[in-house]
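Participant: According to Swiss-Prot, the protein has these features:
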{"type": "ACT_SITE", "residues": "Pro2", "note": "active site, schiff-base intermediate with DNA"}
{"type": "ACT_SITE", "residues": "Glu3", "note": "active site, proton donor"}
{"type": "ACT_SITE", "residues": "Lys58", "note": "active site, proton donor"}
{"type": "ACT_SITE", "residues": "Arg283", "note": "active site, proton donor"}
{"type": "BINDING", "residues": "His104, Arg123, Arg166", "note": "DNA binding site"}
{"type": "ZN_FING", "residues": "257-293", "note": "zinc finger"}
Amino acid sequence: MPELPEVETVRRGLIPVLQGAVIESAEARRPDLRWPLPDNFAERLAGRRVEAIGRRAKYLLADLDGGEVMILHLGMSGSIRIEGGAVKGRPGRFHHPRGAGGPHDHVVLHLAGGATVTFNDPRRFGAILIVPYDQIMSHPLLAGLGPEPLGNGFNAEYLARACARRHTSLKAALLDQKLVAGLGNIYVCEALFRAGLSPRRLAHTIATAEGAPTRRAERLVIAIRDVLREAIHAGGSSLRDHRQVNGELGYFQHTFKVYDREGQPCQTLHCKDTIRRIVQNGRSTFYCPTCQR
């Protein structure tokens, strides 16, 4: 499933062509994705201007004129492709030539400038919703989400307080979207390695008895932020389905230290151990038992 860096990469790729553009027409090539598309979907989008493109956790938010927001979730295998058109009179870096549509191109937006924005989703776990602007943060998909890990509200003090009473594993705590929004399996594994913390460690041990941050909490916040920023800069990680909107692969997977490296040597200088894989709450966890305590 695309995590925060992949969704943020898509958001940044959409801005040059979709933000400020008018949707001339929309095609819904099937009535549903994970859930049914909104009633009168094509009619409700035709003629609307996209005022801004934001992100909350793993959700893309397209503000429409008229006081509504289109929520788009990529699900397990969704991707967005831009074809044709030009930005400011010349081809944009996120454009590529228009090609034949595929069987999994389920929604197509035709923009007034000639470009098309296509949502492709082979497994159909994605979703597109249209919600009134003043109800967006109370919508069930977004209500209750924790702070953004790259935002000012996420720091060592917050993380320590949030974990202080948790007796689950540290990895399970970080995957809880109510604690911090947008983190997934890949980047939690990588951040824990950088912070030198075992995924088996109990979450409350990064805080003092009073809920104050320890050095562990401080290291972990820095590691999470660094991993996410580097992944965004690299265009995300392409393991199965993720593509940037110009069709290119992300390449952060080439810098993985632990994820999907079971049995391979740890890359830490002087460490002679190998990367191990365990299963936690039904998900594979990769870590170095020597470097992570």
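Here the Cβ of each residue, glycine as well, is placed from N, Cα and C on the backbone.
If you look at the structure here, what lies around each of the features I listed?
Facilitator: DSSP assigns Glu3 (active site, proton donor) to coil in the three-state reduction, placing it in neither a helix nor a strand.
Mapped onto three states, the DSSP output places Lys58 (active site, proton donor) in coil. Residues within less than 8 Å, Cβ to Cβ, of Lys58 (active site, proton donor) and separated from it by at least 6 positions along the same chain comprise Met1, Pro2, Glu3, Leu4, Val7, His73, Leu74, Ala181, Gly182, Gly184.
In the three-state DSSP classification, Arg283 (active site, proton donor) falls within a strand. For Arg283 (active site, proton donor), the same-chain residues lying six or more positions away in sequence with a CB closer than 8 A to its CB are Leu175, Asn185.
Sequence-distant neighbours of His104 (DNA binding site) (same chain, 6+ apart, CB under 8 A from its CB) are Asn120, Asp121, Pro122. In three-state terms derived from DSSP, His104 (DNA binding site) belongs to neither a helical nor a strand segment and is classed as coil.
Per DSSP, the zinc finger (257-293) is made up of 0 helix, 12 strand, 25 coil.
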Participant: Determine the most Cβ-crowded residue among the binding-site residues Arg123, Arg166, using a 10 Å radius around each Cβ and all protein chains in the structure.
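Facilitator: Within the set of binding-site residues, the most crowded position is Arg166.
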